[in-house]
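One structure, pasted below without further comment.
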Amino acid sequence: VSPQFKSINKGRKTNIIDSMLRMLEQYSSNLEDLIRERTEELEIEKQKTDKLLTQMLPPSVAEALKMGTPVEPEYFEEVTLYFSDIVGFTTISAMSEPIEVVDLLNDLYTLFDAIIGSHDVYKVETIGDAYMVASGLPKRNGNRHAGEIANMSLDILSSVGTFKMRHMPEVPVRIRIGLHSG
């Protein structure tokens, strides 16, 4: 038996075949653990991707994209849209650090997101200080869409009255709201 083999077995007298089998079993076990770990990591990443996809797109569109099926355009007879932006946002931004602007938008839209959760509405988009919501799509809700958006708008307006910017708590935040039904 070679000196290298003895050093691997720490001086024990063993059969070379038994040692090779033991090493192969250990290698196989390590591979199984590694595969299990990677599979768990992949599943976590898949869940994150699915969550992000459903936040960005209506559930029916997200499912179609995941299945690889074409997404057919859909016609909605009646919907109501909500648009809002922050009055004086350009001035506020000019007087703020970039991270302060990010915090302002994050805080305000987290508040808005909590409010829209209790209404039959769908958040379409946020771009900069613009916030857009629809009712009547992607789930049709008969003639309730205008009322849902109007009530949501009043709730948002009410919450903005007590909202304070972290970095400029003395400056009131005002928003401009527009609605359209059709």
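Glycine is no exception: its Cβ is also placed from the backbone N, Cα and C atoms.
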Examine the ranges 17-44, 45-72 and name the one recorded by TrEMBL as coiled coil.
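That would be 17-44, the stretch labelled coiled coil in TrEMBL.
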Tell me, roughly as an integer, the mean pLDDT over the domain 'Guanylate cyclase' (80-182).
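Here the predicted model's pLDDT, averaged over the domain 'Guanylate cyclase' (80-182), is 95.
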